[in-house]
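The next block holds one structure in the form of structure tokens; read it before the comments.
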Amino acid sequence: MTTPSGETNSVDLNRFNQVFFEECAENLAEMEQILISLGDREPDPEQMNAIFRAAHSIKGGAGIFGFNDMTVVTHVMESLLDRLRNQEIPFAPEMIDLFLEAGDAIAMQLAGHREGKAVDQEVIDGVRARLQQAIDAGGRATAPGLPADHAEGAPPPQEELLPRRCRLAFTPDPEIFARGIRMESIISELAELAEPGEFHSSARLMDVPELAEVDPERCLTRWEFTMLTRASREQILDVFMFVADEEQLQIEEDEPVDRRTPEGEPAPEQGIVPAAGRRAYDSNETAPGAFGRRGNETEASFRVNVTKVDQLVNQVGELLITQAMLSQIAVGLDPILHETLQRGLVQLERNTRDLQGSVMSIRLVPISIVFNRFPRLVRDIAAKLGKQVELKTTGDSTELDRGLIEKIADPLGHLVRNALDHGLETPETRAACGKNPTGTLQLSASQVGGRIVIDVIDDGAGLNRERILAKALECGIPCSEAMSDEEVWQLIFAPGFSTASEVTDLSGRGVGMDVVIKNVQAIGGRVQIASEAGKGARFTISLPLTLAILEGLSVAVGEEKFIIPLNVVIESLQPKPEQLKSVNGREVVQVRGEYLPILKLHRIFNLEAEVIEPQRGILVLVEADGERGAILVDALLDEQQVVVKSIETNYRRVEGSAGATILGDGRVALILDLPELFTMHKKL
Amino acid sequence: MGKKVFVNKANITLEGPFTVERAKELHLLLVERLDGMPEQAGGGAIDLCRVVDIDACGCQLLALFLENLKRRGAAPMLTAVPPAVRERIVTLGFGELLALQPEP
């Protein structure tokens, strides 16, 4: 009798692979960030360790999760880094480019596994060969291509550790098999640290239950390893970086075999050394081989599937609707008879808001995730264009909804490429204009009210009004000389518009800016442009903080209810007749010396309204994207949090609305999109 | 589904990869084999000649199977272990638990 040999996937390894992919991407990003920050400088020991750790983590993870092809480049890279770290070979500025290329190669392999993208093996082999060449060349006393004085100036290599016997006891997490971790990779890596023929591995079953009661994917095994090794304690700990917690790994080290040690001296304390595992050595970020945590990551953090968070956000959204529904029902109840119920509802509202705040904060991630991509992009493009560019970023820790982060990366990337290609001048041109030959590109993010504002600012030539108008005419885009600068700048967002004299592979393809505006608008954002000839341009992207829930003012117009986002509301008033004027045939209201256009929702949306004359209704003064207006409504109803639902998904796009929501009484209300309303009002 | 009947109750031949991906399937099979074993079964060869791969999870399952067999009075022994599988078992430290015999 034989077993069936068919393949089954009793373990969903994809889930665990995803963790590796994310970690790998983070490590690559961290490595690139450090390398870019170096310029041509030699990394300091801390930076060198951080790069090494990133490469080592990728290699270790790739081996453990079975992506062996990814260990090829990382292995050679790690070797080169290790020699550099130990000052066995001198640093050369060309190595920065080589490491960046190696990072690209690994990223290509990652994309191959993660998204099934094609992997160019020639590139991989080429990078690997050049890394190896750098190791070989550096090993010689005077390496070709490397500065001789550097080689001479390098301190002597660190003294190799003397071999000592180590005993390791590893009690893995019972889920280690289910997590897709390959013990064979860990053991092989550990064995590599041992002197030849001096490694022994022994597995022990911690329990022998009845076979029928066993969960076959649960680990019941404990391992003991004995080895004679010259490896440092950190190197041994590194092997277990993904798999061992402090309490799961114990290391016992014998005194090194050192004949030079004088007899009679007290030997260092022996026995089982407490600690091990990732957390134990995380505390020392700079220790060689230490496995540091990234950024502000804390021990208390763990990864959660995005769909689970989205589900939670949706459920809280539904809870908000239910709470609003209950509050509405309670309005009609006698406050004396139902005092306890009313109190409970107030408490429920408070708790729901708190819960909503907490849940939404889970989805917020720092914009540095996107900003961190740009140093490399700027470096590469600037080099390609022969331009000198300094990239500055501010507000990196500004938080934005995760969904928005993903969607803003491409438009932002295009604006950056555009600024480099068309905005910033060559060093010669800049010098001729009396400017610093090095141009500045600034990315800044900040939270303004309920929106996130991202600026892409360059100190280049600025937008050329005449060229834009001429090009617009050529492309058949309606325009006139009478247009204001702001209106002219907006022409560049027209489909097919490009003033680039030649098509480049960077940004002059005639497509892009229209895609930028479409993508930004699709996530409730807007782009504003400010430009001054010879001084530079500023592209400002304004985005909602989150797409899921917003604070709104519900208003009534006839039988309909609308939601005005609270962040655009300035105030509301009942106008006096003397405040109401007519300018160019359009009704305006005078507020503190300023004339604001009156937007009549019943006209825009073609509704039967109770109030047609502004003096009989209420004007809600609003401001959006620098434009002010007064919305005429029949009544102000309530200030409430509303769950934003896509009206496009469920019905169709309704002009002037940024979505819809379900109110407490079960009715659907449109959420007003103010900039679009202003445009619609102008067309009336 | 009726209970499987094993024609050869004394010897067992395992096949294919003995890895975590097939852990549940292999577990079911080994439990069935164990249920089919008579009390005081005596000896029993476990033929691994058709096993193409093994990992730590597979080794553990095999070790648990052997221990359970021993409880039933059997004296199981791995036979015809392919060299690559043998090497993997040794590397993983299961040589002793699986009473791996020295190479002929």
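Each residue, glycine too, has its Cβ placed from N, Cα and C.
Feature annotation from TrEMBL assigns domain 'HPt' to A:9-113. What TrEMBL lists as phosphohistidine is A:HIS56. Under the heading region 'Disordered', TrEMBL lists A:139-159, A:251-295. According to TrEMBL, the feature domain 'Histidine kinase' maps to A:345-547. Sequence annotations record features per position, and here TrEMBL assigns domain 'CheW-like' to A:549-683.
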Across all chains shown, how many C-beta atoms besides its own are within 10 angstroms of the C-beta of A:HIS56 (phosphohistidine)? 24
For A:HIS56 (phosphohistidine), name the DSSP secondary structure in the helix/strand/coil scheme. helix
Per DSSP, what is the residue count of the domain 'CheW-like' (A:549-683) in each of helix, strand and coil? 27 helix, 72 strand, 36 coil
Can you break down the domain 'HPt' (A:9-113) into helix, strand and coil residue counts using DSSP? 83 helix, 0 strand, 22 coil
